[in-house]
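Worksheet for the structure shown next.
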Amino acid sequence: MEAPLQTEMVELVPNGKHLEGLLPVTTPTAGGQRVEGPGRSCVEGEGFLPKSPSKEPHFTDFEGKTSFGMSVFNLSNAIMGSGILGLAYAMANTGIILFLFLLTAVALLSSYSIHLLLKSSGIVGIRAYEQLGYRAFGTPGKLAAALAITLQNIGAMSSYLYIIKSELPLVIQTFLNLEDRTSDWYMNGNYLVILVSVVVILPLALMRQLGYLGYSSGFSLSCMMFFLIAVIYKKFHVPCPLSPNVGNTTSNVSLVEIDKEAGLQAKTEAGAFCTPSYFMLNTQTAYTIPIMAFAFVCHPEVLPIYTELKDPSKRKMQRISNLSIAVMYVMYFLAALFGYLTFYDGVESELLHTYNKVDPFDVLILCVRVAVLTAVTLTVPIVLFPVRRALQQMLFPDREFSWLRHVLIAVGLLTCINLLVIFAPNILGIFGVIGATSAPCLIFIFPAIFYFRIIPTEKEPARSTPKILALCFAALGILLMTMSLSFIIMDWVSGTSRHGGSH
Ligand SMILES: NC(=O)C[C@H](N)C(=O)O
């Protein structure tokens, strides 16, 4: 399954200007393994754009201009999305300690998998996920990566648009001080999704480079910061339990005794209900890993962000990734902890919904809704970016950049996602399955097996520690994928699923 090296190096030029003449001489293959010429490896050590006075590019004529800070904003924005809304539910099904342990593990593994991606991309001078697949396994590898990216990111974008569809009418209703929903168009979630897609998402999605989205990403992150502060604040202002359910005991004791007993029972029940658990396992615990894996997926965006980085180097990109993952880790933990400590076992699979039980028209909760809506809206263009690339790679692999194609793919993708959210919202349940398959593929399996194939055996023999570790990582991914899938199927079969379709 040999891939034509030259074609591939031409394809990797991010802005579509092909550079056959500038490409370094490649050593095609050695012993069936794709290896690079010496020029390639030495450039890798110093970043892709040599800092020599001639500034002659070796792998790409694309000179990244995005700063460190903007790249952190973009990557953090790619990480954060609807995943944050499911974490309190995950904590309710694991307990605080087990949750913290699992969240730490997923964050560390996510950072390790970015390390694998960066190392593989450095060796071959490629900065697109699907190109790594091509390099490792030829066309099937490229298609598998492109398919996983497309499914994962379309799933993520649909869940964001679904939040807009379900939350925006409520926000408008409250702002207009209306008791009931009217049949006006601005109360119709379907029209609102289309409006937001056309007015806000599409213009941003048409940007040619991710770097331009740094400001909107920064704004999106501040909205989520506001969400987090509100969740913490609400913990201290929402009573627990929400509606004390006095037991309706019917026995032949006197009424006073019933009152006393019921009150006491309610108190004990409330005490038990409003006590956090630190460690627990139940049938829903199985969803924890897929929820967390989904929440940390940002891998399709890592290489495009790397491509646009100013003075790029692997170390710098790893620092950007680690910082983004660390910030999101803290935000995820705090949102989950305070969301859980507000509602305990009463928390729903989508945290925002749970606040409806308190008071759907509360001003703070309304502002939180607006903030989350803004944050997820501004995340859509970032998540759309790698899907467009993947589609371009699958359908028009050797074509130069064309604005027409760029615009048409964005419009086509947004139209499909809109149709999905409007006409088949139930299909979002399917994304539970997709999330359980594509997220482990993108985080664990693909980076590991691509790494194993791409790093030349002369550099790291098949039995070297990094390669064995990478294989164990892939095995862990397969195990997690099988486990999550079987739990979801078992849940479906027994019909006990409480899990929402948003992630
Ligand atoms: N970027 C993605 O695929 C999902 C994102 N991590 C989220 O939590 O929504």
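Just so it is clear, glycine is given a Cβ too, placed from its N, Cα and C backbone atoms.
In TrEMBL, annotation is done automatically, which means it is predicted and not curated.
Copied from TrEMBL, the annotated features are:
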type     : residues : note
DOMAIN   : 65-490   : domain 'Amino acid transporter transmembrane'
TRANSMEM : 68-89    : transmembrane segment
TRANSMEM : 96-118   : transmembrane segment
TRANSMEM : 143-164  : transmembrane segment
TRANSMEM : 185-206  : transmembrane segment
TRANSMEM : 212-233  : transmembrane segment
TRANSMEM : 323-343  : transmembrane segment
TRANSMEM : 363-385  : transmembrane segment
TRANSMEM : 406-424  : transmembrane segment
TRANSMEM : 430-456  : transmembrane segment
TRANSMEM : 468-490  : transmembrane segment
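Note: the stretches the transmembrane segment (363-385) and the transmembrane segment (185-206) are in contact (3+ CB pairs below 8 A, sequence gap of 6 or more). For the transmembrane segment (430-456), the list of distant contacts is 30, 33-36, 109-110, 113-114, 116-117, 119-120, 123-124, 129, 132-133, 135-137, 141, 144-145, 148-149, 151-152, 155, 158-159, 290, 293-294, 296-297, 299-300, 462, 466-467, 470-471, 473-474, 476-478, 480-481, 484-485, 488, 499, 501, 503: same-chain residues at least six beyond its ends, Cβ to Cβ under 8 Å. The listed stretches are 68-89, 143-164, 185-206, 468-490; of these, 185-206 has the most Cβ pairs under 8 Å to the transmembrane segment (406-424). Of the two recorded stretches, the transmembrane segment (185-206) does not lie close to the transmembrane segment (323-343), with fewer than three CB pairs under 8 Å once pairs fewer than 6 apart in sequence are set aside. Each of 96-118, 143-164, 468-490 was scored by its Cβ pairs under 8 Å to the transmembrane segment (68-89), and the highest score goes to 143-164.
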